[in-house]
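Colleague: Questions regarding the structure given below will be posed in turn.
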Amino acid sequence: MMPTQRLAEADPQIAKLIREETRRQAEGLELIASENFVSPAVLEALGSTLTNKYAEGYPGKRYYGGCEVVDQVEQLAIDRAKQLFGADHANVQPHAGSQANMAAYFALAKPGDTVLAMSLNFGGHLTHGSPVNFSGKLFKIVPYGLRQSDETIDMDEVARLAREHKPRILMVGASAYSRTLHFDRFAEIANEVGAAMVVDMAHIAGLVAAGLHPSPVPHSEIVTTTTHKTLRGPRGGMILCREAHAKTLNSQIFPGIQGGPLEHVIAAKAVAFGEALRPEFKAYQRRIVENAQVLAEGLKSAGLRLVSGGTDNHLMLVDLRPKKLTGKIAEEALGKAGITVNKNMIPWDPEKPMTTSGIRVGTPALTTRGMGSREMTLVAALIGRVLDAPADEQVLARVRGEVKDLCAHFPMYADRV
């Protein structure tokens, strides 16, 4: 017989921890660039009975019966994704961005083939060739980086390495890069050497959807993304591609690397894509960028150095070496003050990955709460105060109180705290 108790009765320990996490999110400043807050509608879809349904295969071609409804759900997600990004084909089944990238590699290359990708040390992602990741274990990785003069991608180096190594795949994208990615120039290089171009737009997908960052779709064989971050959907992945690659790509996801899709998550993706198709989503993305630029100027006014001097998108990297701090110390001190960031490697970082010389800061979550330029100026000042006295418990306590007061003016998930 099915248990009928609600969570608070059935498992009070988990219920309590969920309330605590909701309170932490509601009462603190979330500045991790890869995090955001989903809408109540997305949460509702995630908690739906769709979680009960197994649906191996694709709409209209399932290996299980009873898929009439989930076929419609998944097709809605596919159609909305294609409309949102102007793509020929969309696969909404990847459980995460890593699976999306794995499928893209397997669709276009064989183990041992050469992949030219941005180094993790300069802002790339683990799945772009880190030796501890499947991508670095299965493929020959040639990394590209930044120019020291302005800390932007060295396109001359990309072209030189492409001509020298003739990669099968040119992987474009980053997890800690604050400047515009010029996909047209990357595509010229890929075409010159006969490489297939794959773009991982996980961080900037929302900006791309809103027309605030150049779209990779017209230039790329395959585009991968997560569905959270700036896109403000559930945690998950997605792949866009040209029709010529659709069949191969689909087979790489299922049965290649995944079994049954998570239809409750796919429903939540569909809801988020529907939200992103509305005019107010473009206004939201504009505010993300505006807030990032105001926050960047505020951090510089607080005496902090930003990698490349600023930002074109939703995030920025703060170089803490002038403050004689590590990213680990800064993350911990800011956390005590109710400000959540993540320690992050900076270009040519002398520290280890679990220590780092920098922090990464982003504005999507605070923008979702409704905060604007005035609040960004205040947040920058609060960060500056903490980093000027990271070991002063009185300063941290005062800032934490101010953070809580600020958050109270922008309530979130009030019915869940």
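Just so you know, glycine gets a Cβ as well, placed from its N, Cα and C.
It should be emphasised that the depicted structure is a prediction, and the values quoted were computed from it without experimental measurement.
In case it helps, Swiss-Prot gives these features for our protein:
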type	residues	note
BINDING	LEU120, GLY124, HIS125, LEU126	(6S)-5,6,7,8-tetrahydrofolate binding site
MOD_RES	LYS229	N6-(pyridoxal phosphate)lysine
SITE	HIS228	site 'Plays an important role in substrate specificity'
Colleague: Cβ within 8 angstroms of the Cβ centroid of LEU120, GLY124, HIS125, LEU126: which residues besides those meet this for the (6S)-5,6,7,8-tetrahydrofolate site?
Modeller: ALA117, MET118, SER119, GLY123, THR127, HIS128, GLY129, SER130, ASN133, ALA174, SER175
Colleague: Any idea what the Cα distance is from LEU126 ((6S)-5,6,7,8-tetrahydrofolate binding site) over to LYS229 (N6-(pyridoxal phosphate)lysine), rounded to a whole Å?
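Modeller: For LEU126 ((6S)-5,6,7,8-tetrahydrofolate binding site) versus LYS229 (N6-(pyridoxal phosphate)lysine), the Cα atoms are 17 Å apart.
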Colleague: Using DSSP, would you call LEU126 ((6S)-5,6,7,8-tetrahydrofolate binding site) helix, strand or coil?
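Modeller: LEU126 ((6S)-5,6,7,8-tetrahydrofolate binding site) sits in a helix per DSSP.
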Colleague: Which chain-mates of GLY124 ((6S)-5,6,7,8-tetrahydrofolate binding site) that are at least 6 residues away have a CB under 8 A from its CB, listed by sequence?
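Modeller: For GLY124 ((6S)-5,6,7,8-tetrahydrofolate binding site), the qualifying residues are ALA117, MET118, SER130, PRO143, GLY173, ALA174, SER175.
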Colleague: Measuring Cα to Cα, how many angstrom lie between LEU120 ((6S)-5,6,7,8-tetrahydrofolate binding site) and the residue listed as 'N6-(pyridoxal phosphate)lysine'?
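Modeller: Pair distance, Cα basis, whole Å: 19 Å.
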Colleague: I'm trying to understand the geometry here, so how far is the Cα atom of HIS125 ((6S)-5,6,7,8-tetrahydrofolate binding site) from the Cα atom of the residue listed as 'N6-(pyridoxal phosphate)lysine', in Å to the nearest whole number?
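Modeller: Per the Cα atoms, HIS125 ((6S)-5,6,7,8-tetrahydrofolate binding site) and the residue listed as 'N6-(pyridoxal phosphate)lysine' stand 15 Å apart.
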Colleague: Give me the non-local Cβ neighbours of HIS228 (site 'Plays an important role in substrate specificity'): same chain, 6+ apart in sequence, Cβ-Cβ under 8 Å, ordered along the sequence.
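Modeller: Long-range Cβ contacts: SER34, GLU35, ASN36, VAL38, PRO234, ARG235, GLY236.
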